[in-house]
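Per TrEMBL, the feature domain 'Nucleoside phosphorylase' maps to 40-289. The phosphate binding site feature in TrEMBL is assigned to R80, R124, I125, G126, T127. Residues or ranges marked as substrate binding site in TrEMBL: Q203, R205.
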Amino acid sequence: RENFIHLCNPHLEKMKEDILYHFALGTGTHDFPALFGDVKFVCVGGSPSRMKSFTTYIAEELGLASPSGDYPNICAGTDRYAMYKVGPVLSVSHGMGIPSISIMLHELIKLLHHAKCSNITIIRIGTSGGIGLEPGSVVITRQSVDATFKPQFEQVILGKTVIRSTNLDEELAKELMQCSKEINQFNTVIGNTMCTLDFYEGQGRLDGAICLYNEEEKLQYLKEAYDSGVRNIEMESSVFAAMCNLSGVKGAVVCVTLLNRLEGDQISSSHDVLVEYQQRPQKLVGYFIKKSLGKV
């Protein structure tokens, strides 16, 4: 059964041309079905370099590696986001925080719609701070919660507060967990992910430029988060989950933890260790894609 992207915007039908400004793409200048019609998997992550390295990795895993070893940035006309494609896999950077990933997702979802893509899976791969987990553990998000541990994304639209669900696809999470068991290379858990509006005070850190609480209050808050089911903290998952739900797209968030926030605030692992940690979500999602395509 073909499951196409659902656009919750009747105004788009009246537009002769749709310019995806932050991608430097448009329906009047690009043939979206020809460029993207075969896409089945979209992987998104914060940094352009990480998404390019994922493209190189998945190309090799799928046997689609470029002879030149390079992949052009489809969004080279802008410096906001980077986009790479290999076979049925699209890799897109989203920057840092809810506003940045929200802008990217609006244009990505329209791109997939204009390309007439169906049965799409979108996975955010990234880094996070863990709670009660050894650094290097991978968390598959069950649901994204806000800083008060509620599973919701709150946004003010036309002066009114709108609340949207942040549950993620349960079956997809289970499939990814099974893939991790088959790889058997690193600790992986399914848990809730707290999505905050800030890296410092919003996450209870003691090392920002401003901090008006003490260590005891910080630890009490993080333990309450742990008791509510939260296993990691990042800054994009809530709007990601909300927009996937509204668009009828299967979505997942797979993040590695760079530290255990119950033991400190600063990331002190060596560069080589951090590089290896950041490859873990890529390995898991890469294996999932290969398995889905019958290449395992």
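Backbone N, Cα and C define each Cβ position, glycine as well.
Here the features listed in TrEMBL are placed on the structure.
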residue : record                 : CB count, 10 Å
R80     : phosphate binding site : 18
R124    : phosphate binding site : 28
I125    : phosphate binding site : 26
G126    : phosphate binding site : 23
T127    : phosphate binding site : 21
Q203    : substrate binding site : 23
R205    : substrate binding site : 18
Item to check | Distance, Q203 (substrate binding site) to R124 (phosphate binding site) (CA atoms, angstrom) | outcome: 20
Checklist entry - How many whole Å apart are the CA atoms of R205 (substrate binding site) and T127 (phosphate binding site)? => result 17
Next on the checklist: For a quick check of understanding: given the listed phosphate-binding residues R80, R124, I125, G126, T127, what is the maximum Cα-Cα distance in angstrom, as an integer?
Outcome noted: 20
Checklist entry - To the nearest whole angstrom, what is the C-alpha distance linking T127 (phosphate binding site) and Q203 (substrate binding site)? => result 14
Next on the checklist: Give me the CA-CA distance between Q203 (substrate binding site) and I125 (phosphate binding site), in Å, as a whole number.
Outcome noted: 20
